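As given in TrEMBL:
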- 119-136: transmembrane segment (TRANSMEM)
- 148-168: transmembrane segment (TRANSMEM)
- 226-246: transmembrane segment (TRANSMEM)
- 258-278: transmembrane segment (TRANSMEM)
- 312-368: domain 'MIR' (DOMAIN)
- 378-434: domain 'MIR' (DOMAIN)
- 439-495: domain 'MIR' (DOMAIN)
- 567-589: transmembrane segment (TRANSMEM)
- 642-660: transmembrane segment (TRANSMEM)
- 666-687: transmembrane segment (TRANSMEM)
- 699-719: transmembrane segment (TRANSMEM)
């Protein structure tokens with residue numbers, strides 16, 4: 001099913017006539033192709049850059065990615081669930097166009113005023129606009145059809161949803177650009193290989209460009225892995241065909257494999273690592289994302305309390321400490337002066353984990369049987385000791401009892417209890433060093449600790465579950481009766497004690513590769529843990545292809561609403577179903593023909609020495625080929641083959657979301673939409689190819705007219721709406737509210 005990469009034997013029939021006709025036809029095709037590409041570029045940039053700086057306030061996720069761009073400019077460390085390249089490019093584009101990184105990007109709707117935000121929008125829009133010409137060229141190379149390429153590009157250009165997603169400071173246009181670039185490069189490699197251009201400079205350039213695009217795609221979002229899988233499958237298919245070409249030695253397959261492994265595996269991995277190296281070098285100052293990372297990781301951040309830290313190595317009674325959950329992305333043991341609500345266990349003070357540093361993370365280590373030690377007495381904390389932990393701000397002790405935890409009912413509730421440090425026997429905990437022995441002293445940062453409740457025999461743990469709004473959406477802390485809980489390990493991070501000597505902690509600072517690995521563990525965990533916020537509009541994968549519901553980008557008097565062009569989206573579904581039907585029908589027909597040919601071969605003695613060209617039909621033994629029929633059949637086969645690969649691309653970028661447990665949004669479908677739109681152009685051309693030329697042009701012109709007209713109708717969704725909402729009869733958009741779930 002791969003694009004043809006094996007050179008077919010040349011057809012000897014009418015070779016002279018073909019040789020004379022080819023240059024003229026090639027020149028004509030090339031001129032037409034460049035003309036259409038110019039038209040595509042002109043319309044694309046005209047539609048994308050119209051009103052690109054409007055509205056002049058924060059729209060949707062600009063509040064996140066604009067803020068992250070600012071942090072790159074200010075070199076302030078932060079946490080995000082996506083790899084860094086997209087945000088780095090946003091920050092770089094802002095820096096190069098005069099933005100100083102001081103705008104707060106607090107919330108959607110805030111006015112930019114004098115902020116130089118335009119450069120970041122222009123950058124994202126430019127990358128989004130380049131998707132369309134790449135899509136045109138990709139379809140043309142796959143099918144050699146100007147009509148298919150033009151219609152595919154039109155479906156991308158005139159989709160108001162893709163237009164909306166392209167015009168703002170977001171990761172999506174950057175991701176879609178690199179994804180489309182990967183597919184474009186994949187097709188160019190196949191074309192160059194099929195033409196016998198392997199190992200030429202041009203071939204290597206396309207290989208390296210494709211590897212670069214693949215690396216950039218997955219460096220923007222982890223969903224870039226889907227296009228990596230597509231290119232990997234296509235490459236494996238090509239290598240399989242080369243292996244089956246008996247006209248080439250087997251060493252040719254090995255050479256192709258090695259070259260592609262270098263350009264499409266090793267080179268992208270190297271680039272991906274370099275992007276992270278730059279990310280960690282640039283973000284070298286402490287920020288609000290520190291708490292998601294280990295204590296050792298934080299020690300590399302300028303301004304962090306652990307950077308070049310000098311603090312006691314040992315932990316003692318009377319120490320003021322912060323205690324961090326040792327799991328990846330674990331927070332600090334935290335409390336605040338709010339009680340658990342009715343129905344969530346005892347109405348005592350809440351205990352949570354919190355990833356941001358503040359004074360509510362500080363605890364005092366006390367002996368279990370007395371309020372405190374004499375001021376001049378120093379007693380180190382050791383493996384197996386009993387202790388109480390008093391919350392410094394509220395003066396309540398860490399406590400557990402036989403009430404169920406608020407979220408994890410199999411665990412016991414952990415609370416803050418007592419007055420001015422005086423509580424009861426349920427405040428007593430035994431501290432254990434993981435792998436420790438009797439009399440081992442507890443060390444700051446490096447000792448992994450477990451806190452086992454003295455009476456309940458349960459272990460202090462962070463369940464990983466997010467509390468509701470009454471718990472400020474912080475993480476639940478509970479006491480697990482299974483003391484082997486992997487999330488029940490903690491470490492002391494900050495440590496203050498007047499009687500203990502301080503030592504430098506710079507020796508515990510990790511190197512690049514340790515931080516590289518931890519960054520990925522934190523990102524993957526953060527991605528998996530993304531849950532919808534209260535009142536947030538989310539969606540499910542079944543809703544996406546049918547354009548069931550959009551989402552607001554701007555909800556002020558100047559409204560922007562992300563919704564696909566319904567004509568394009570619904571016709572995409574029709575052509576997707578048509579492809580499946582035609583492909584399956586064609587497969588059945590081919591199988592039947594193969595069976596018929598086998599029967600004829602058994603009945604008739606056919607010549608075996610004749611070498612047949614790949615462009616000749618199966619019955620060429622019995623009658624001479626008609627070159628026009630052969631050409632039509634070849635092009636139809638090429639189109640169906642191309643559509644099959646685009647269908648695989650659609651599947652890879654859509655089906656995985658059905659298995660994801662994280663929160664999902666409408667915009668996650670747009671990578672799959674691009675493959676569907678390219679597929680539509682190919683299938684429409686495939687279906688009408690057998691019709692007379694004048695009728696083909698009439699049908700193509702009619703379809704393009706409907707696409708353009710539907711774009712004009714729905715363009716206010718992208719360019720801005722004002723006045724009443726569409727559900728009011730006096731709204732200019734009232735007649736366009738075709739589904740009740742559309743909220744514009």
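Just so it is clear, glycine is given a Cβ too, placed from its N, Cα and C backbone atoms.
Highest Cβ pair count under 8 Å relative to the transmembrane segment (226-246), across stretches 119-136, 567-589, 642-660, 699-719: 642-660. Averaged over the domain 'MIR' (439-495), the predicted model has a pLDDT of 91. Recorded stretches compared: 258-278, 567-589, 666-687; the one with the most Cβ pairs under 8 Å to the transmembrane segment (148-168) is 666-687. Under the criterion of 3 or more C-beta pairs below 8 Å, with sequence separation of 6 or more, the transmembrane segment (567-589) and the transmembrane segment (119-136) do not qualify as touching, having fewer than 3 such pairs. Note on the domain 'MIR' (378-434): DSSP counts are 3 helix, 29 strand, 25 coil.
Sequence-distant contacts of the transmembrane segment (642-660), counting only residues of its own chain at least 6 positions beyond either end whose CB sits under 8 Å from a CB of the stretch, comprise 1-3, 139, 142-143, 183, 223, 226-227, 229-230, 233-234, 541, 544-545, 576, 579-580, 583, 668-669, 671-672, 675-676, 678-679, 682-683, 686. Residues in the domain 'MIR' (312-368) partition by DSSP class (helix H, G, I; strand E, B; coil) as 3 helix, 29 strand, 25 coil.
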